[in-house]
Amino acid sequence: MAMWRAPSAAGQLLGRALASTAAQTSAGSKKVVGVFYKGGEYADKNPNFVGCVDSALGIRGWLESKGHRYIVTDDKEGINCELEKHIEDAHVLITTPFHPAYITAERIKKAKNLELLLTAGVGSDHIDLPAAAAAGLTVAEITGSNTVSVAEDQLMRILLLLRNFLPGHHQIVNGEWNVAGIAHRTYDLEGKTVGTVGAGRIGRLLLQRLKPFNCNLMYHDRVKIDPELEKEIGAKYEEDLDAMLPKCDVVVINMPLTEKTRGMFNKERIAKMKKGVTIVNNARGAIMDTQAVADACASGHVAGYGGDVWFPQPAPKDHPWRYMPNHAMTPHCSGTTIDGQLRYAAGVKDMLDRYFKGEDFPAQNYIVKAGQLASQYQ
């Protein structure tokens, strides 16, 4: 089915929405553009390292065998970047949270043939979702592809921070040996109160992973988790976030970035937390007030902050989180383990196959469908 741009906004929305209901198309060669991070010297070190631009999700041969064009790049910034050159006539754009190409309303307007925006991974906040909805585009992601990867990473960072591991490691690398310098702020996880702000797939799995550590588990979300699972985990629901925070030794952020959650953890909210709290955030950097986090770490009100999400990404060299004390920050990598890459690469291939056949995607994968945003982004 050939796509077209109606002269009116209403006509455009109707035309695109009708097509996107079945996730588009039918006949003809399609131009698929992918934006991924560089593999560089590491691209050939693992045949399953498919998430980089060099391997391009491992779907080039499959796409080209079906007569489609597949353009991949890591160049996404500025008016002369490769993404700008190719977005105008692209039918499908694949992006990733780990090297986010910010798809603005201006870029959407420029993309005359665009029908489908796919996120290779989870989290589509790098896309102007209201603009995509207004244009009648379909936006989808690989829901669940990084659940295990991120939950394991969160547990790791909790332990790294509580056990004061990184300063000890740096001592060894630097030829030092000072037990007191580590032990004076090292704690067990057992008996601590851990609260997750958000109890979706990742939050629930984290609570399950924490149960063997004999922690006091709490969670805040818009809705309660299944009563049987809640009982099995032994987690307590807290409807009032600000009532939960002062009780927690560890706070883990597990919510999507929306206009409601942007900057949600500001100076005032962080001040409500227990002095010496540990915070882990693998959700989105913009949920936090950047300077408020750095100041709280410097003052000692926050004993440690860890995560892999920043705003913006890549983080500039002068980003305060790079230099604040007692942090366990890395580039955005928790959801792009080799196992995670294989899951979201397979998911992208499956959804492209459905798209070419005019079939619907799994319902949970839709972020924007027929002009409507998924509930978590409303």
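Using N, Cα and C of the backbone, Cβ positions are placed for all residues, glycine too.
Noted in Swiss-Prot for the protein shown:
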- V122, N146: substrate binding site (BINDING)
- T147, 201-202, D221, 256-260, N282, D308, 332-335: NAD(+) binding site (BINDING)
- R284: site 'Important for catalytic activity' (SITE)
- H332: site 'Important for catalytic activity' (SITE)
- 1-18: transit peptide (TRANSIT)
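Counting only same-chain residues at least 6 apart in sequence, those with a Cβ under 8 Å from the Cβ of N146 (substrate binding site) are G121, V122, I202, S334, G335, T336, G340, R343, Y344. Sequence-distant contacts of H332 (site 'Important for catalytic activity'), defined by Cβ-Cβ distance under 8 angstroms and a gap of at least six in the same chain, are P97, F98, D308, V309, W310, Q313.
The candidate set comprises the binding-site residues V122, I202. Of these, I202 has the most other Cβ atoms within 10 Å. Taking a C-beta cut-off of under 8 Å and a sequence gap of six or more, T258 (NAD(+) binding site) has these contacts in its own chain: D125, Q376, Y377, Q378. Figure note: comparing Cβ neighbours within 10 Å for the recorded positions K260, R284, the maximum is reached by R284. For the binding-site residues P256, G335, the greatest number of Cβ atoms within 10 Å around a candidate Cβ is found at G335.
The DSSP secondary structure for I202 (NAD(+) binding site) is helix.
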